[in-house]
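Taking it in order: structure first as structure tokens, then the write-up.
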Amino acid sequence: MEELGIVTPVEKAVEEKPAVKSYASLLAQLNGTVNNNSALSNVNSDIYFKLKKLEKEYELLTLQEDYIKDEQRHLKRELKRAQEEVKRIQSVPLVIGQFLEPIDQNTGIVSSTTGMSYVVRILSTLDRELLKPSMSVALHRHSNALVDILPPDSDSSISVMGENEKPDVTYADVGGLDMQKQEIREAVELPLVQADLYEQIGIDPPRGVLLYGPPGTGKTMLVKAVANSTKAAFIRVNGSEFVHKYLGEGPRMVRDVFRLARENAPSIIFIDEVDSIATKRFDAQTGSDREVQRILIELLTQMDGFDQSTNVKVIMATNRADTLDPALLRPGRLDRKIEFPSLRDRRERRLIFGTIASKMSLAPEADLDSLIIRNDSLSGAVIAAIMQEAGLRAVRKNRYVILQSDLEEAYATQVKTDNTVDKFDFYK
């Protein structure tokens, strides 16, 4: 029957089954497409809502940004007005004072140059970390408010001697004084240059040195040689400079000297004429005497307090060692005391004359030995004065060399006898 083209119903049914299957798959595919479209629509809806949400957040952030910018412009205007106000306050003439101690974040205790202490307000723009006791500050002239912090050495006359300011005196320029040279170099110069020697031996180098002796014996000149031979910072101050009009200024100056020395360590402090502030303490009856004793106490405290590792050495010179306070002379403060004798032996006089004459133009017949062998009491300053006077006499006579007659006349002029000394006793 297949050959005749006749298909039976069973065979027809068999042939129709793939069509049914194709329709079912098509229907399923259509349903899947609908589901996919529905899911895609849901995704697009979620993205749309997220977009709207982000747009609202963006608008909110934009408003916040505009508000912050307005607030920033307002704060800048306020800051500018505040800076102008601070500048106006600091532009008027200010009073120099001293900061004593803080009370809280906004107030503190200061002392003015009049000697009075005040509880004052502290300008809010100042760095509280920089406010230390004994610092120099600027006070408002009307309210005494603390408006500025001055540099540490702004109102101090103490300064470190620069390299170009150091004296050109060397040890070779100091005639004689061989023992004094050795002692001061061991106590001052050697610890600064070769500190490891003292560490190996196990001893501490001397803290301070006292040079004492009559006037004109070479104390200051030897200190100049020390300053020239070392690279340490050199601070020179006279004892009378510590005495001020207002109470507290002298001790503060002592603290400033040692603070400056510690900041520039290794350093040497030279206090000349120390007897003006370091005399023996007594029951003072006047304010000035009590102030001098406060200066001495501060000096003793600083010499006890500064650390050995800072390499700060103290040299003091005086003509009256017998008047100094025993607390200053004890070991631990002034460990080495070097005496400068007024009477020089013949060898010392020869060295001094030779040192001074080496820089002068002497005639070949000039005989220094005739002056050296004399037994008059001659200090180094007197010998220098003799040679200077001889040079002046040669200049007076339009000569370029110094003759023996110039030396004799200068010697007679400078070396006074008992009769000529009475001429200077005006107040008898």
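Here the Cβ of each residue, glycine as well, is placed from N, Cα and C on the backbone.
As written in Swiss-Prot, here are the features:
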type     : residues                                                       : note
BINDING  : Gly213, Pro214, Pro215, Gly216, Thr217, Gly218, Lys219, Thr220 : ATP binding site
CROSSLNK : Lys280                                                         : ubiquitin cross-link
MOD_RES  : Met1                                                           : N-acetylmethionine
Query = Taking every protein chain shown into account, which of the binding-site residues Thr217, Thr220 has the largest tally of Cβ atoms within 10 Å of its Cβ?
reply = Thr217
Ask   = Can you tell me how far the Cα of Gly213 (ATP binding site) sits from the Cα of Lys280 (ubiquitin cross-link), in Å?
value = 18
Query = Far apart in sequence but close in space: which same-chain residues, 6 or more away, have a Cβ under 8 Å from Pro215 (ATP binding site)?
reply = Asn319, Ser379, Ala381
Note = Sparsest Cβ environment (other Cβ within 10 Å) among binding-site residues Gly213, Pro214, Gly216, Gly218 belongs to Pro214
Query = Taking each of the recorded positions Lys219, Lys280 in turn and counting other Cβ atoms within 10 Å of its Cβ, which one has the fewest?
reply = Lys280
Ask   = Whose Cβ lies within 8 Å of the mean position of the Cβ atoms of Gly213, Pro214, Pro215, Gly216, Thr217, Gly218, Lys219, Thr220, the ATP site, other than those residues?
value = Asn319, Phe340, Ser342, Ser379, Gly380, Ala381
Query = the residue listed as 'ubiquitin cross-link' to Pro214 (ATP binding site): how many Å between their Cα atoms?
reply = 19
